[in-house]
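For reference, TrEMBL has these:
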REGION    1-39  region 'Disordered'
TRANSMEM  69-89  transmembrane segment
TRANSMEM  95-115  transmembrane segment
TRANSMEM  127-148  transmembrane segment
TRANSMEM  154-175  transmembrane segment
TRANSMEM  196-216  transmembrane segment
TRANSMEM  228-248  transmembrane segment
TRANSMEM  309-327  transmembrane segment
TRANSMEM  347-367  transmembrane segment
TRANSMEM  379-397  transmembrane segment
TRANSMEM  647-669  transmembrane segment
TRANSMEM  675-697  transmembrane segment
């Protein structure tokens with residue numbers, strides 16, 4: 001559908017020379033600086049092994065690989081750094097993380113403006129890369145424990161992240177466009193292949209850094225703690241290498257000069273066209289072919305043509321943020337889904353490395369041999385459909401996970417578990433007409449309850465009454481509870497008597513292959529527990545209960561503990577992936593205290609391999625949409641606005657993230673329903689994009705390179721009456 005219109009010559013193409021017999025003449029104001037013609041070096045550039053690929057792109061691709069390693073390597077440990085080094089809570093850590101990510105996609109507008117209006121792409125990349133390196137240095141210094149206190153670390157971290165956001169965002173629109181500048185227009189096919197290799201280098205850097213930097217943090221100790229300074233310093237070193245490699249190719253680059261303050265000119269041109277059309281809306285003025293032609297009284301024709309090309313592509317960009325809204329949930333919603341499954345995979349960067357050559361060398365060629373013309377817009381539309389299908393599959397996986405997880409308490413319900421820490425069995429009876437048949441059997445000492453019991457309430461919150469029978473002793477007790485919560489009734493021995501405490505079991509969300517633990521201390525002294533170099537907690541004496549603490553899954557044979565007069569170790573055994581545990585610290589005769597282990601929330605046995613289909617679909621969609629979109633944005637942009645259009649492309653990513661936040665905050669849907677919502681929204685957007693693409697006429701390179709017609713000499717006054725004259729073809 002998209003190509004039916006593209007293969008036809010349009011009746012009126014604003015980018016072709018006007019062949020109409022009637023031409024509207026108007027003078028041009030001298031208040032605006034006329035655009036400079038694109039001047040590229042005429043000398044032949046060195047090629048790679050006799051091919052049509054310029055040697056200069058090798059420096060650019062290596063630079064991009066190192067820069068992406070730097071960026072994603074730093075982000076791989078950023079959340080853990082916030083949690084365990086700066087000791088922020090999860091909400092603050094998540095907010096700062098997403099604020100930083102959003103800033104990285106808003107700053108490209110600034111970088112594009114600097115490149116196109118002042119420094120040019122080459123100098124902009126060099127200067128902002130220096131800012132980028134400085135940000136890494138400041139960030140690494142902020143991760144040194146010996147450097148200042150908590151406030152110093154926070155200030156250095158925020159300053160470093162701000163500089164990194166300015167650096168990475170500022171060079172984003174320039175690097176890809178600067179690589180495209182190295183090709184001559186007759187080598188458009190090679191340029192398309194370059195954008196695939198460019199995107200390949202992005203994901204190669206991302207994949208390798210995602211493995212390496214977490215290892216540097218966890219396996220290397222600095223000052224007795226996890227080495228965040230090294231985990232941030234190595235990405236900083238890679239950014240230095242990226243800068244050096246890029247500068248090495250300086251003498252062989254084709255460096256188009258900046259075109260002037262193009263962003264300001266574009267805004268002023270559009271504003272003048274709109275205001276001029278509004279002021280001259282009466283029937284006395286002849287109609288014009290395009291609404292931007294109303295700027296002809298003040299701005300040169302070439303600028304108006306360039307703005308027309310820009311606005312036509314920007315109009316196509318309107319539906320694009322919805323695709324990024326789905327794609328970027330791989331790092332949030334899909335990651336949270338993975339934490340409730342058994343396993344841990346780094347799928348997307350790996351699949352991108354496989355799919356890019358697969359699509360470029362196999363699939364696209366097979367489709368072409370079948371006689372199907374798969375244009376850029378068609379590829380992007382198919383990419384949207386694949387991403388939509390991926391979220392439909394994600395919804396199916398989410399439903400399967402929900403079926404394997406314990407049910408949640410509903411209105412006027414609670415889930416209760418009894419932990420008998422006394423030295424003999426206890427008979428527990430829940431008083432009340434609806435619950436008197438629960439817990440009929442006696443509970444042995446330290447018996448592991450297989451599941452929670454469901455208790456019904458008469459109101460949303462009330463006192464629950466219990467009857468405890470221990471030996472010949474009967475005890476009545478009550479505890480306040482609220483609906484839709486999980487509770488543990490802990491029975492403790494108090495001399496010859498028994499008593500009970502009610503503990504609320506808060507739902508805990510584990511991430512990144514981590515698990516959660518909490519402790520009940522039956523000793524008469526406070527216990528300090530060191531779970532890791534940077535994770536420690538204190539548990540109060542006489543049945544004190546700790547909060548949940550997240551740790552890495554794995555073996556914990558000897559966890560160091562300390563009381564006011566004694567050091568000892570606890571054997572916690574294997575902590576499984578995504579599981580929540582309760583440990584009861586008990587005293588043992590003539591031995592060190594022991595830990596009694598019980599699972600609060602068991603691990604989900606659903607394999608993470610169930611996520612493979614959705615990752616395969618969304619990665620295929622990403623390859624068809626994102627790689628194609630980069631090349632399409634470059635090929636359809638006037639030479640004076642390539643960086644601006646690349647920045648606008650990146651801005652759609654930032655808008656997509658905002659869509660995710662809005663839907664997540666206000667939809668109020670369960671997770672699988674939210675996945676279906678996003679899937680349906682993208683299908684609707686894909687239909688709209690297809691209709692827009694049907695009416696879009698692709699711009700040919702030679703149309704973009706045509707010089708502006710000669711400007712009419714300035715006459716007295718900026719605004720004169722228009723005169724229609726006959727001209728020969």
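Residue numbering: from 1, along the chain as shown.
In case you wondered, yes, glycine gets a Cβ from its N, Cα and C as well.
Unlike curated records, TrEMBL annotations are generated automatically.
Within the same chain, the transmembrane segment (196-216) stays apart from the transmembrane segment (154-175): fewer than three Cβ pairs sit under 8 Å, each pair at least 6 residues apart. Among 69-89, 154-175, 228-248, 379-397, 154-175 has the largest number of CB pairs under 8 A with the transmembrane segment (95-115). Annotation: stretch 379-397 has the most Cβ pairs under 8 Å to the transmembrane segment (309-327), among 154-175, 347-367, 379-397. Beyond the transmembrane segment (347-367), the same-chain residues lying 6 or more positions past its ends with a Cβ under 8 Å from any Cβ of the stretch are 193, 196, 199-200, 203-204, 206-207, 210, 330, 374, 611-612, 615-616, 618-620, 622-624, 627. Annotation: stretch 228-248 has the most Cβ pairs under 8 Å to the transmembrane segment (69-89), among 154-175, 228-248, 675-697. A Cβ distance under 8 Å defines the sequence-distant neighbours of the transmembrane segment (154-175), meaning residues of its chain 6+ beyond its ends; these are 60, 63-64, 67, 71, 74, 81, 86, 96, 100, 103-108, 110-112, 114-115, 121, 124-125, 128-143, 147-148, 643-644, 646-647, 649-650.
Counting only same-chain residues 6+ beyond the ends of the transmembrane segment (675-697), those with a CB under 8 A from a CB of the stretch are 1-2, 4-6, 10, 13, 312, 315-316, 318-320, 322-323, 325-326, 329, 333, 377-378, 380-381, 384-385, 387-389, 391-392, 394-395, 398, 663, 667, 669.
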